[in-house]
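Taking it in order: structure first as structure tokens, then the write-up.
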Amino acid sequence: MNLDSTALAYQSGFGNEFSSEALPGALPVGQNSPQKAPYGLYAELLSGTAFTMARSEARRTWLYRITPSAKHPPFRRLERQIAGAELDAPTPNRLRWDPLALPEQPTDFLDGLLRMAANAPGDKPAGVSIYQYLANRSMERCFYDADGELLLVPQLGRLRLCTELGALQVEPLEIAVIPRGMKFRVELLDGEARGYIAENHGAPLRLPDLGPIGSNGLANPRDFLAPVARYEDSRQPLQLVQKYLGELWACELDHSPLDVVAWHGNNVPYKYDLRRFNTIGTVSFDHPDPSIFTVLTSPTSVHGLANIDFVIFPPRWMVAENTFRPPWFHRNLMNEFMGLIQGAYDAKAGGFVPGGASLHSCMSAHGPDAESCDKAIAADLRPHRIDQTMAFMFETSQVLRPSRAALETPALQNDYDACWASLVSTFNPQRR
């Protein structure tokens, strides 16, 4: 079966024990590793967590494939590595970037990666690395990331993610997550593509606890979609690239690694439409903490402290009375990397545009720019809708170090601090 078919089917749910077969009877019944698997397939286990994790935390999937993954020659380190591999010295300064320019030369997803910031080497079971991707051609090779799971946030152009477990098609305002070690290929459906990636080195992403919100709200499990089995039975030479401790290594295969005919388990790629997010907000006064906008979280061993939170700022009604409605001025223990998929962000009147990004590190003061602040103080507080917008945030408890490439790109705004420079004191001790 070829993965180029446009008709894609999905399975609904988050964290489910899924199962799928592209040929009838390809899944063994009642056991995982029979002496002879159906259709002459090989059984292979992909573990996303340690064997002895609590059952509620365990992630693993059984694959029934044409050729075992173990059949490959030695990997060799590629001469061309990911841009931004070298991190710069930590900086407390606030940083903001214009959209990165799309490539002029033929560039696939891998060649178009730029690491923007990171807070941990890949040999640590925690932390996050943040990238932007820029591409103008589909991959003719396959890739897997041994360093972490990948959260993809498209900003421009639709992608088809052809994975070992099947295909996902994602567009701007949708996201996709690829498990650590899952082989995949990125195909471009619109000629050019740009977007953001969080590489999660820590615990796998999961839905946040809802607490007093109750049993419904935010991102609902049924809106997450996993693929169905689709396989390639190809004997053409193909390059397989892996990312290992931050470096790219490759080997040449004599077959397609996307040859899984059937599978079952819960360590799966998935997609989610951000437009399905059930936004929670105040119906009385004050601006709630932005944690109410959390889509996915990777926890740490400290309860309530995230390795990374993925947070969105979607279209929503603003109805708070006697309230400064934009996100307030803030100094945060957490480190915030923001991007904009479409529209405008309500705390920035200008300078933060779709495809751009910003980084506010631990305790770096930030908040609405002067123009947004003045408008909010003088606003008529009638209910109004913030529409046609989608900003997001990768928030992590560990300090992010920008890469040298991110600091040297012409897209870096050297005048970012100026957006707060015209804030003036309005204090008057004689007038309350």
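Placed from the backbone N, Cα and C atoms, the Cβ positions cover glycine too.
Copied over from Swiss-Prot, here are the features:
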type	residues	note
ACT_SITE	His287	active site, proton acceptor
BINDING	His330, Glu336, His366	Fe cation binding site
BINDING	Tyr345, His366	homogentisate binding site
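A map of Swiss-Prot features onto the structure.
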residue	record	DSSP (3 states)
His287	active site, proton acceptor	coil
His330	Fe cation binding site	strand
Glu336	Fe cation binding site	strand
Tyr345	homogentisate binding site	coil
His366	Fe cation binding site	strand
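Taking every protein chain shown into account, His287, His330, His366 are the recorded positions, and of these the Cβ with the most other Cβ atoms within 10 Å belongs to His366. Those same-chain residues not listed among His330, Glu336, His366 yet with C-beta within 8 angstroms of the centroid of the Fe cation site C-beta atoms are Pro327, Arg331, Asn332, His360, Ser364, Ala365, Gly367. The two recorded residues, His287 (active site, proton acceptor) and His330 (Fe cation binding site), have Cα atoms 12 Å apart. Taking the binding-site residues Glu336, Tyr345 in turn, the residue surrounded by the fewest other Cβ atoms inside 10 Å of its Cβ turns out to be Glu336.
Tyr345 (homogentisate binding site) sits 14 Å from His366 (Fe cation binding site), counting Cα to Cα.
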